[in-house]
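Colleague: Supplied in structure tokens, the structure appears directly below.
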Amino acid sequence: MVESPAKARTIGKYLGRGYTVRASLGHVRDLLKSQLSVDIENNFEPTYRVPNEKRALVKELKSAAQKASEIYLATDPDREGEAIAWHLLESMDVPQERARRVVFHEITKNAIQEAFQHPRQIDMQLVNAQQARRILDRLVGYQISPLLWRNVRSRLSAGRVQSVALRMVVEREREIRAFTPEEYWTIEAFFAQMSTRGQDPRPSFKAKLVRVNGKEPHLPNADAAQAILNALQGAQYVITDVRQKQRRRRPSAPFTTSTMQQEASRRLGFGARKTMQIAQQLYEGIDIGDGVVGLITYMRTDSVNVSREAQAEARDYIHKTFGETYVPAKPPVYKTRAKQAQEAHEAIRPTSVWRTPDSIKQYLSRDQYRLYELIWKRFVASQMAPAILDTTSVDIVADTEGRVPADAEQVDETLRAALARNPAYLFRASGSVVRFPGFLVLYEEARDEDAPEEENIHLPDLHAGEHLDALDVQALQHFTQPPPRYTEATLVRALEEHGIGRPSTYAPIISTLQSRGYVRKESKRLVPTELGEVVTDLLVEHFPEVMDIGFTARMEEELDQIAEGKREWVQVLRDFYGPFSQRLATAQKEMQSVQVEEDAGETCEKCGSPMIIKYGRYGKFIACSNFPECRNTKPYQEKIGVQCPECGGDIVEKRTRRGRIFYGCANYPECEWSSWKRPLPVPCPDCGGLLVEANRTTVQCLACEETFSRADIEALQEATE
């Protein structure tokens with residue numbers, strides 16, 4: 001038994017006759033959505049129920065299980081997968097001795113056969129860790145959210161991890177607002193060797209002023225910079241030192257979920273959610289001509305470990321493709337950055353490096369190919385030899401005392417040494433040349449937009465004592481910069497560094513913040529809305545522990561301790577709920593109502609002021625915030641928190657002339673996508689496509705046309721909040 005039809009098809013091919021592979025379509029049991037479903041007084045006993053729309057499926061699975069001689073639970077190799085396996089077993093009402101748990105990190109023939117040769121029992125420590133997380137999230141979400149409905153607006157949500165991520169975005173925005181730029185100046189010069197006189201143009205190189213009288217220059221304004229330029233008038237410049245050394249640049253580790261999302265954002269422009277949808281497709285299997293095969297290992301992982309078999313295969317490929325010098329003496333070992341990584345997992349890698357991106361390009365969509373190529377290159381590069389760079393650093397002293405003859409191409413050693421002692425003005429030039437490219441022949445990690453540029457200046461052959469011509473000496477004005485707003489990539493990195501959330505939660509957190517209207521995107525940056533700031537302030541005031549980054553990270557550590565058998569799950573919940581319930585009782589009495597002007601995300605075409613959402617006799621409408629000076633109004637189109645599958649714009653609720661509701665792209669008429677059925681903000685668990693409501697109990701994917709239980713999809717959505 002597995003979770004999805006796609007996974008079932010791939011595994012079924014490898015098992016052959018004698019096995020029946022069935023898909024549970026996700027969880028078959030969950031907490032009741034209509035109530036808390038946690039008996040706090042009875043050791044936080046959860047009430048699980050098979051939703052109505054899953055009962056027929058569970059009945060079929062139960063019938064098949066009772067006829068089978070053995071039952072293999074082959075759900076995903078993480079805590080969520082372990083919990084799904086346990087719920088399946090509980091629902092089917094079969095003896096535990098007939099059930100086997102099999103775990104694999106890639107869907108390939110060898111991995112499947114190996115897993116089935118070494119089955120085990122369900123790990124209740126993992127199940128309890130997931131169960132504790134689920135109950136924690138339910139206690140927080142179901143008991144804080146009604147306070148927001150009552151005091152701010154309906155349909156808002158609070159979440160144990162989601163709200164902390166929102167706080168990070170809000171606090172970064174406030175840092176930016178409070179920031180006061182400070183002016184500063186730098187001095188740089190362009191030098192040329194005397195031997196190049198007569199050449200046009202003369203080859204030159206740049207150096208920066210790094211010391212004034214032995215100290216780092218502090219130039220707060222134009223006057224201070226000009227004073228330096230005046231002092232350098234007529235100076236002669238001599239190289240006092242040339243330092244050369246070799247530097248090794250090591251490749252980045254293979255991808256974890258977090259680093260994959262970050263790099264896909266930087267290189268491909270993918271949001272975290274889109275990245276995970278495509279990765280799921282690559283993991284569960286693609287038909288590449290000779291059958292369906294899983295192309296990558298499990299994509300929810302915080303480990304950088306690589307199996308010995310995968311290392312050996314990569315080293316063989318590198319040797320045959322690039323040559324022996326590109327294979328390191330020993331396979332590289334990487335240290336996991338995440339605070340609570342599950343080391344039993346592997347990094348994200350191709351299931352076979354011989355399945356190169358170009359060899360299977362014809363079977364992949366454009367986006368599947370781009371992500372697979374990124375994963376493949378990152379992994380292969382991670383197993384290659386380091387790059388070797390020759391680095392050169394040159395010290396240049398300005399002689400302002402007339403000790404250096406203007407026509408001397410070289411100064412003697414005595415004068416060079418004298419200039420090098422306590423120079424008044426020291427310039428420095430640095431450069432590097434790649435001696436051996438190593439892994440750089442294949443892959444180089446992209447930088448964040450706000451990361452400082454690396455200057456790789458190519459320096460000519462320079463020698464100590466050499467007299468240089470200064471072609472230009474100039475002062476440059478700068479201003480200190482505020483911290484940058486988060487992008488999806490940098491927020492994911494910050495969450496991971498703080499130990500908040502888990503690989504499976506990064507993408508849904510960001511998606512939920514946007515769908516709830518707490519943040520919006522501006523030029524790929526996450527900007528909190530007024531609503532997001534109001535909600536953050538209320539939660540920080542009334543639930544400071546829940547909103548504390550350190551507290552949230554410690555809760556993640558305690559969940560890990562449950563998984564390791566070091567803590568008992570009920571006691572963890574008890575320790576959390578005591579203080580939380582007191583805060584909740586106080587907030588119910590003291591939380592004040594707040595009116596929020598809802599930003600419409602548009603600019604008034606008449607006066608240029610922001611447009612806001614208002615409430616009138618006939619419901620919502622959009623009006624100019626500059627009222628009464630500007631009386632511009634427009635009909636309101638409700639955004640439903642789902643992106644258009646064709647252009648990425650917002651999907652909005654619309655009405656026909658006769659009042660019938662339908663859903664269309666806000667970019668109409670440029671984009672004509674529309675649907676009579678309401679789209680849902682959760683991707684298809686099978687193919688990652690757009691889900692729409694089919695009827696009261698089921699939803700359907702527009703891409704693969706699979707149908708799913710509405711309750712199961714709603715539970716999946718709730719788990720991300």
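Positions of Cβ are set from backbone N, Cα and C atoms, glycine also.
What you are looking at is a predicted structure, and each value in this text was computed from that prediction instead of being measured.
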Colleague: For the record in TrEMBL, which of the ranges 157-162, 523-528, 589-594, 709-714 is the region 'Interaction with DNA' one?
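Modeller: It is 157-162 that TrEMBL describes as region 'Interaction with DNA'.
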Colleague: Please spell out the DSSP helix, strand and coil residue counts for the region 'Interaction with DNA' (157-162).
Modeller: 1 helix, 0 strand, 5 coil
Colleague: Apart from its near flanks, which chain residues at least 6 from the ends of the region 'Interaction with DNA' (157-162) lie with a Cβ under 8 angstroms of it?
Modeller: 136-137, 140-141, 144-145, 147-148, 500-501, 505, 509, 512-513, 516, 535, 539, 546, 552, 555, 720-721
Colleague: By DSSP, what is the split of the domain 'Toprim' (1-107) into helix, strand and coil residues?
Modeller: 44 helix, 16 strand, 47 coil
Colleague: Just counting, how many other CB atoms are there within 10 A of the CB of ARG133 (site 'Interaction with DNA')?
Modeller: 25
Colleague: Of HIS27, ARG134, ASP137, TYR142, ARG300, which is closest to TRP149 (site 'Interaction with DNA') if I measure between C-alpha atoms? They're all recorded sites.
Modeller: TYR142
